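The domain 'Cytidyltransferase-like' feature in TrEMBL is assigned to 5-133. Among the features that TrEMBL reports, substrate binding site is placed at S9, K41, L73, R87. Summarising the annotation, TrEMBL assigns ATP binding site to S9, F10, H17, G88, L89, R90, E98, Y123, S124, Y125, L126, S127, S128, T129. The site 'Transition state stabilizer' annotation in TrEMBL covers H17.
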Amino acid sequence: MLKGIYPGSFDPVTYGHLDVIERSSKLVDELIVGVLNNKAKSPLFSAEERVRMLNEVTKDMPNVTVVPFEGLLVDFARKMDAGLVIRGLRAITDFEYELQMAQTNHKMEPDVETVFLTTSLDYSYLSSTTVKEVAAFGGDISQFVPGIVADLIEEKMNKRRV
Ligand code: PNS
């Protein structure tokens, strides 16, 4: 049985992430979406909120589960008994960081392989950071994130404004 992990911050999950989740769920028997809870960072959404959003938007994908993690990705992969890490590559600018991460992870845990999916052209420009920036200035984010995510971002932004 092939178990893969698609790790990320998902702050928030975008259509670009969803595209990678959908496509990679067809490549493995079980896909674990690993949500990094990085205590050194202050994300817009807590890990619990990000897990909830991801559960909602992946509810029709039966072989996908969403699990939060802290610490090293390779430790999480070992704990989950997953031999594959999947990452999306949008553009050449992603490559250097992704290569470094994949090679570091492989040095630490040679039994875990990283594979890359090139993101669909439709979403190759998209990032959680730009979504948050557009939303912060009141822009329309409906084409970047699922409706329930857009509503939650708007709620957060409104709270920040008061
Ligand atoms: O969505 P992101 O922020 O690009 O995801 C980055 C992520 C979560 C995959 C990466 O930061 C990660 O794996 N962090 C866990 C810590 C770790 O294992 N670091 C060593 C790899 S160089």
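Every residue, even glycine, has its Cβ placed from backbone N, Cα and C.
No curator has checked TrEMBL annotations; they are predicted automatically.
The structure, with features from TrEMBL marked on it.
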{"residue": "S9", "record": "substrate binding site", "CB count, 10 Å": "18"}
{"residue": "H17", "record": "ATP binding site", "CB count, 10 Å": "25"}
{"residue": "K41", "record": "substrate binding site", "CB count, 10 Å": "9"}
{"residue": "L73", "record": "substrate binding site", "CB count, 10 Å": "20"}
{"residue": "R87", "record": "substrate binding site", "CB count, 10 Å": "19"}
{"residue": "L89", "record": "ATP binding site", "CB count, 10 Å": "16"}
{"residue": "E98", "record": "ATP binding site", "CB count, 10 Å": "16"}
{"residue": "S124", "record": "ATP binding site", "CB count, 10 Å": "14"}
{"residue": "L126", "record": "ATP binding site", "CB count, 10 Å": "20"}
{"residue": "S128", "record": "ATP binding site", "CB count, 10 Å": "23"}
Worksheet item: Of S9, K41, L73, L89, L126, listed as binding-site residues, which ones have a Cβ less than 6 Å away from ligand 1?
Response: S9, L73
Worksheet item: What are the DSSP helix, strand and coil residue counts for the domain 'Cytidyltransferase-like' (5-133)?
Response: 56 helix, 29 strand, 44 coil
Worksheet item: Of L89, E98, S124, S128, which binding-site residues are close to S9 (substrate binding site), meaning a Cα within 10 Å of its Cα?
Response: S128
Fill in: Across the domain 'Cytidyltransferase-like' (5-133), average pLDDT on the 0 to 100 scale
97
Worksheet item: Looking at the binding-site residues K41, L73, R87, whose Cα is closest in space to that of H17 (ATP binding site)?
Response: R87
Fill in: Nearest of the binding-site residues (E98, S124, L126, S128) to K41 (substrate binding site) - Cα to Cα
S128
